[in-house]
Amino acid sequence: MWGSLCKAPLLRLRPTFAAVSNVKTIHIKASPDYNEGIDKSKPLKFSTSKASHRHWTVAKSLGSNQQRPWWKVVPLSVFLTTVLLWAIFRKETDIDEAIYKPIEQLQDESENK
């Protein structure tokens, strides 16, 4: 009983191959990207395309709600910059010296204890 009820609507909703192919050709010919006259031996220029950094924004690709407000970005950037500068300019400690010792020397020290 359920099989006969479900088959009829599915058959009516399924588009035919001819209808789908006609829609695809109409869409291809009607789209502004359809270009017969472009010389395909030359490369496309990125600087003039819509993907260029002059045209692209986060709001265009991800939506305007994906942009982070400056008051969230600036403190994180300052913190990471501070940590990086501290790691570069700090003085070496005993721990650093122990880390840079060769493994053989550390094994000899542990055996002598």
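Just so it is clear, glycine is given a Cβ too, placed from its N, Cα and C backbone atoms.
Listed in Swiss-Prot:
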type	residues	note
SIGNAL	1-18	signal peptide
TOPO_DOM	19-72	topological domain 'Mitochondrial matrix'
TOPO_DOM	90-113	topological domain 'Mitochondrial intermembrane'
TRANSMEM	73-89	transmembrane segment
For the topological domain 'Mitochondrial matrix' (19-72), mean pLDDT (0 to 100): 67
Within the topological domain 'Mitochondrial intermembrane' (90-113), residues counted as helix, strand or coil by DSSP: 17 helix, 0 strand, 7 coil
